[in-house]
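**Student:** Features from Swiss-Prot:
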- Asp8: active site (ACT_SITE)
- Glu67: active site (ACT_SITE)
- Asp139: active site (ACT_SITE)
- Asp8, Asp139: Mg(2+) 1 binding site (BINDING)
- Glu67: Mg(2+) 2 binding site (BINDING)
Amino acid sequence: MTVILGIDPGSRITGYGIVRQEGCKLTYLGSGCIRTKVDDLPARLKLIYAGVSEIITQFQPDCLAIEQVFMAKNADSALKLGQARGVAIVVAMNLDLPVFEYAARQVKQTVVGSGAAEKSQVQHMVRTLLKLPANPQADAADALAIAITHCHVSQNALRMGSGGLNLARGRLR
């Protein structure tokens, strides 16, 4: 049994989702959003740090799966996203949790079957895969999709043995 915390980082809204994996079975444990309503970026990062710390304390995950930074058209937005992402990674690393990173296209491909899927499609598939009564909010759905992707990738790596996949701390290599 493994508990995975998925994080969809953002400087204003950071989504989180927690799933438990037992073999091929996934169980929804919780999800939500850390909302930072202050304008000051350092204060927002502090709120993200506190929020992720609280989630880890509450759910005791075995690892953290997080979305990789993508190339944004707005450099300022990309920098803020990277900082929010870095805060979540630091929290996990300070608590000795392994961190795994996944590209947004890989997450969409794994959960929906298309790397170009729309947010609504991700929400629908997360709802279906986890047997939820309603679609989760978009950022929480993305975080759950990241956790589901990690479950899928780690399960495939176990099936393949050491056949080229190395699930070490950090990126899937």
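Glycine is treated like the rest: Cβ placed from N, Cα and C.
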**Student:** Between Glu67 (active site) and Asp8 (active site), find the distance joining the two CA atoms and give it rounded to the nearest Å.
**Tutor:** 6
**Student:** From the Cα of Asp8 (active site) across to the Cα of Asp139 (active site), what is the distance in angstrom?
**Tutor:** 6
**Student:** Is it possible to get the count of other C-beta atoms within 10 angstroms of the C-beta of Asp139 (active site)?
**Tutor:** 24
**Student:** Per DSSP, to which secondary structure element type does Asp139 (active site) belong, with helix, strand and coil as the options?
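**Tutor:** Looking at the DSSP assignment, Asp139 (active site) belongs to a helix.
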**Student:** Looking at Cβ-Cβ distances, which residues of the chain lie under 8 angstroms from Asp8 (active site) while being 6 or more apart from it?
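**Tutor:** For Asp8 (active site), the qualifying residues are Thr14, Gly15, Tyr16, Gly17, Glu67, Asp139, Ala140, Asp142, Ala143, Ile146.
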**Student:** 10 Å Cβ neighbour count around Glu67 (active site)?
**Tutor:** 25
